[in-house]
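Record features, source Swiss-Prot:
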REGION    1-229  region 'Pyrophosphorylase'
BINDING   11-14, 25, 76, 81-82, 103-105, 140, 154, 169, 227, 333, 351, 366, 377  UDP-N-acetyl-alpha-D-glucosamine binding site
BINDING   105, 227  Mg(2+) binding site
REGION    230-250  region 'Linker'
REGION    251-456  region 'N-acetyltransferase'
ACT_SITE  363  active site, proton acceptor
BINDING   380, 386, 387, 405, 423, 440  acetyl-CoA binding site
């Protein structure tokens, strides 16, 4: 029966010795996000009124990383088992709310499965998430009597007969707050590990005549935990495969689903094509008929209809209007804006710069802190010199300007509409509309010039 209120406890106190890392295990990332953040997000989406995070090792790192989440931090100074961890959180439980127990190193648990578990919890009983494995070695076995769940026996404490059981405990369960506190108070550490097992509450509930409802997840990967980097890498591939499948079924053409990484959220239009080894980070929006070439990285950007991004380009915190062309090997840094039909070619870098409608920067240029008008040509090797060693300054270029190759624009500077900047010019003062500007060392010719001889 579903209570209106529910709190979630996430166990995240483990050190993660087998990760061989200074980083707490639950902060290692899957799809660009800390494992524990996946679990927190699921809890919040499920409607948790409070999320209690039980921590131990690396508390400062955890708190700093998760500072934007509304968490109740619960210290487990000694790691004496899952039951002990829940005992630390128990003082915060309300009697009339449900308590859902999750794990910070089980990142792929789905909201849909958790909702089914919550719905299945009997009044006064326990909802328990279980799975059946061909090889259940090392896992706690589910014991039943006449089909009813009677308890969980940890592998080290199980008899030979019990070790033949294939149904195992995932560790995820839900119960009423008052019941949970009462059962937690009765736990002992009289077992092979000398720890307090949360699983012992199943037998306590059964002895009280309470019902235990077992629910199975849709996919085994939902309940797979991470103890080492190999397991984490496998779950990463599972997750990416699932995301790629969803995108393909929604109409996105992934040329090789096995070589696509989604590390955030992708919103897309129709007939989008994505080549191999593309990485999507953060929140990305792709319009209709967008094409992304091989090896591109797109992060927190909006890309308009009919844009074409050539291979090995990096686009971060940028906004592209329709029909823009990028790359190959272009870099759009935060604050880059391209108006309709603009072109940024190979080895061009933009940062906090706007390139106007139909304007082009074809190759080998740096455009930083700049406002560039419509139908402007930026020649190869153009640099907006925006930094004087202490402060940044802006370059403003009007419509229909032609900037020749190897030009330096020393900001702050404004170039008027229709102006022409000759190749090799260093612009240090404002340029009026329709002016021609050039600054060059006079070209000298010396007939019969002899090169210096090399010393032997």
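Just so it is clear, glycine is given a Cβ too, placed from its N, Cα and C backbone atoms.
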What is the separation, in Å, between the Cα atoms of residue 333 (UDP-N-acetyl-alpha-D-glucosamine binding site) and residue 227 (Mg(2+) binding site)? 36
DSSP on residue 227 (Mg(2+) binding site), three-state: which is it? coil
Roughly how many Å lie between the Cα atoms of residue 105 (Mg(2+) binding site) and residue 11 (UDP-N-acetyl-alpha-D-glucosamine binding site), rounded to a whole value? 8
Which listed residue (227, 377, 386, 405) has most other Cβ within 10 Å, given these are binding-site residues: 386
Given the recorded positions 11, 14, 81, 227, 363, which lie close to residue 380 (acetyl-CoA binding site), meaning Cα to Cα within 10 A? 363
Largest pairwise Cα distance, Å, within the listed acetyl-CoA binders 380, 386, 387, 405, 423, 440? 23
Least surrounded, by Cβ count within 10 Å, of the binding-site residues 105, 154 is 154
Over the region 'Pyrophosphorylase' (1-229), what is the model's mean pLDDT? 95
Ordered by sequence, the long-range same-chain Cβ contacts of residue 387 (acetyl-CoA binding site) under 8 Å (at least 6 apart) are 368, 393
Just checking, which of 11, 380, 423 (binding-site residues) has the fewest C-beta atoms within 10 Å of its C-beta? 423
Out of 363, 440, which of the recorded positions is least crowded by other Cβ atoms within 10 Å? 440
At a 10 Å cut-off from the C-beta of residue 104 (UDP-N-acetyl-alpha-D-glucosamine binding site), count the other C-beta atoms across all protein chains. 27
CB neighbours within 10 A of residue 14 (UDP-N-acetyl-alpha-D-glucosamine binding site), counting all protein chains shown, number 23
Out of 363, 386, 405, 423, 440, which of these recorded positions is nearest residue 14 (UDP-N-acetyl-alpha-D-glucosamine binding site) by C-alpha distance? 386
